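For reference, the structure discussed in these notes is given below.
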Amino acid sequence: MIPLLDSLLSKMPSLSASDHASVVSLNLFVALLCACIVLGHLLEENRWMNESITALLIGLATGVVILLISNGKSSHLLVFSEDLFFIYLLPPIIFNAGFQVKKKQFFRNFVTIMLFGAIGTVVSCTVITLGVTQFFKKLDIGTFDLGDYLAIGAIFAATDSVCTLQVLNQDETPLLYSLVFGEGVVNDATSVVVFNAIQSFDLTHLNHEAAFRLLGNFFYLFLLSTLLGVAVSPFSSSLPFFLVAAICMLLHSTDREVALMMLMAYLSYMLAELFDLSGILTVFFCGIVMSHYTWHNVTESSRITTKHAFATLSFLAETFIFLYVGMDALDIDKWRSVSDSPGTSVAVSSILIGLLMLGRAAFVFPLSFLSNLAKKNQSEKIDFKMQVVIWWSGLMRGAVSMALAYNKFTRAGKTDLRGNAIMITSTITVCLFSTVVFGMLTKPLIRFLLPHQKATTSFLSDGNTPKSIQIPLIDQDSFIEFAGNHNVPRPDSIRGFLTRPTRTVHYYWRQFDDSFMRPVFGGRGFVPFVPGSPTERDPPTDLSRA
C-alpha cells in the first residue's frame, strides 16, 4: 500500500504541471478570442477585412509566435479534435442559422436553394472527383482508390459563405442573401451526408447496383435527417416541454425556459448522430420549426434572451474555428512530412483551387438559367451579377472541409502516409488562400457589382425580436393583397397548382397548420394569455394571419 501511495505522490507534480499548462493555454486562447472580437469590430468597415479574416490572421500570427517560442515544436495551444468541432462548435452555428433565418425569403426560394445546395453540391463533388482522378495520378502523390477520390470531392465541395454573408445586406438584397445563406447551410449538410455515405460503402467493386444503393443512402440520410429535425421541434412545444414551460411562465423563470430551448435543440442534433443521420440538417430545420412554435410559448424576456444567446454562441463558435484554423495551418509535423516535395504540395493546392472554381461554375450558371425559366416575375429572377456573387460566395473553404479532411486522412490528428500528409497540407493551403484572398476581394467585388449595397448589420441587432420569427413558416408570396381577408383562396385546378405551386402549398399548409399544429403546439395567435408572455401586449386580433 505504501509503495502505491509513494508512486501516486511522485506523479502529483507532473499532473500539476500538465494541468497548469492546460490552464495557461486556455487563458491565452480566451484572450485571443477577445482580441478577435475587438479587432474584428474595429475593422468592420475596412474595405478588405472582415471578422473571419481577422480571426484567421490572428491565428496565423499566434502560430508563428508559438513556433518561435517552442523552437519549432508546436504552433497551436489546443489539439484539434473532430468531436470538438462536430459535437460542440458546429451545432450552435447551424441551429442559429435556422432559428434566425428569414423564413419568408427562405421558403419563397426553397426550390432554388435546394437546387444550389443539394444538386449543385453533388455536381461540384463530381467535377472535383473527376479532376483529381486525372491529375493526381500524374503527380504520384500516393495510392488513392475510388473512395478516396470521392471523399476528396465531398471535402472540397463544402463551401464557407460567411465572408459573403458578412458583406451582403439581407434587407436590401433579400433574394441574393436568401440564396447565398440557404445554399451555404444545405451545402454543408449535403457535403457531410455525401461524405458519410461514401465512407459507409465498399467501393472496391463498384457496379450499377452499388451506385444506386449509394444514391439511395444519400436520399435516405437527407430526408430522414430533415424529418427528424421537423419532428423534434414541435415536440419541444408539447407534452414534457409544454408542461414545464407552462410552469416556468407562471413563475416567470426565464432561465429555465431558455435552458429547455437550448437542450431540446441540442437533443435534436445528438439524436441525429445517434441514428447515424445528418445532424446539420436536423438541427437546422429544428431551428426553423422551433422559431415557429416553441418561441411563441415563452415569455417576452425569454424571447429576447434566446435571440441574443443563440446568436452569441454561434458567433463565438465561428470565431473559435477561424482562430484555430489559423494556428493549425502552421503545424510543423504536417509540413515536415511534405518538406521533401514542396512543389507537389503547391501543385495539388493549385489544382484543387482550379477545380473548386470550375465545380462552382458548372452548376451556378446552368441552374440559375433553369430557375429563371420557371419564374415569370422579373424581380424574382437571378440576374448575371447575382450569379457571379453566388459563384464567388462558394469559393471559400473553411472548417467543414478541414474537419472532413482530418476525418479521412488522419488518425487522432496524426498522419504517417506521405499522400495523406499532402492532402492535409493542401486542404490547409486551400482554406487559407480562399478565405484570405477571396475573402479580402469579396467587399470590393460586391460593391462593384452592387453599388447601392450597404454594409450588413450584425446578428446582435437592437431589435427585440428577429424579423424572421414574426412571419409565417411558409411565405404568403402573392397573397399579400389578401392581408385584410383571412381566407386564403382555395386552388381551383391542377393547372393552378402547376402554374403557382407556392400559392397551392401555402393554402394547404395554412389549413393544416391552423387546424392541427398551432392549436396543439402553440404559435403566433394560438398562445393562451399568460402574464408577462408575448401575448400580453399583442392586439386582440388573429395574428396567425399576420
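Just so you know, glycine gets a Cβ as well, placed from its N, Cα and C.
Bear in mind that TrEMBL entries carry predicted annotations, made automatically and left uncurated.
The transmembrane segment annotation in TrEMBL covers 20-43 (among others).
Per TrEMBL, domain 'Cation/H+ exchanger transmembrane' is recorded for 31-446.
The transmembrane segment annotation in TrEMBL covers 55-72 (among others). For the transmembrane segment (55-72), the residues of the chain that approach it from at least six positions outside its boundaries are 32, 35-36, 39-40, 319, 322-330, 332, 432, 435-436, judged by C-beta separation under 8 angstroms.
Here TrEMBL flags 84-101 (among others) as transmembrane segment.
What TrEMBL lists as transmembrane segment is 113-137 (among others).
What TrEMBL records for 149-168 (among others) is transmembrane segment. With a threshold of 8 Å between CB atoms, the same-chain residues lying at least 6 positions outside the transmembrane segment (149-168) that come near it are 50-53, 121-122, 124-129, 132-133, 136, 176-177, 180-181, 183-184, 187-188, 190-192, 194-195, 198-199, 203, 318, 352, 355-356, 359, 389, 392-401, 404-405, 408, 423, 427, 430, 435, 438-439, 442-443, 446, 453, 455-456.
According to TrEMBL, the feature transmembrane segment maps to 175-198 (among others).
Among the features that TrEMBL reports, transmembrane segment is placed at 218-251 (among others).
Per TrEMBL, the feature transmembrane segment maps to 281-298 (among others).
Counting residues 6+ beyond its ends, the transmembrane segment (310-327) has Cβ neighbours under 8 Å at 29, 32-33, 36-37, 40, 51-52, 55-63, 66, 75-78, 80, 85, 88-90, 92-93, 95-97, 99-100, 162, 262, 398-399, 402, 428, 431-432, 435, 459-460 in the same chain. Annotation source TrEMBL lists transmembrane segment at 310-327 (among others).
Taken from TrEMBL, the feature transmembrane segment covers 347-367 (among others).
The feature transmembrane segment is assigned by TrEMBL to 388-409 (among others).
Sequence-distant neighbours of the transmembrane segment (421-441) (same chain, 6+ residues past either end, Cβ-Cβ under 8 Å): 48-50, 52-53, 56-57, 60, 141-142, 152, 155-156, 160, 163, 322, 325-326, 328-329, 334-335, 337-338, 341, 344-346, 348-349, 352-353, 356, 392, 395-398, 401-402, 405-406, 408-410, 415. The annotation transmembrane segment is assigned in TrEMBL to 421-441 (among others).
Between the transmembrane segment (281-298) and the stretches 20-43, 84-101, 113-137, 347-367, the greatest number of Cβ pairs separated by less than 8 Å involves 84-101. Residues 106, 144, 149-150, 152-154, 156-158, 178-179, 182-187, 189-191, 194, 222, 348, 351-352, 354-356, 358-360, 362-364, 367, 370-371, 390 of the same chain lie 6 or more positions beyond the ends of the transmembrane segment (113-137) yet place their CB under 8 Å from a CB of it. Between the transmembrane segment (347-367) and the transmembrane segment (388-409) there are 3 or more Cβ pairs closer than 8 Å, counting only residues 6 or more apart in sequence, so the two stretches are in contact.
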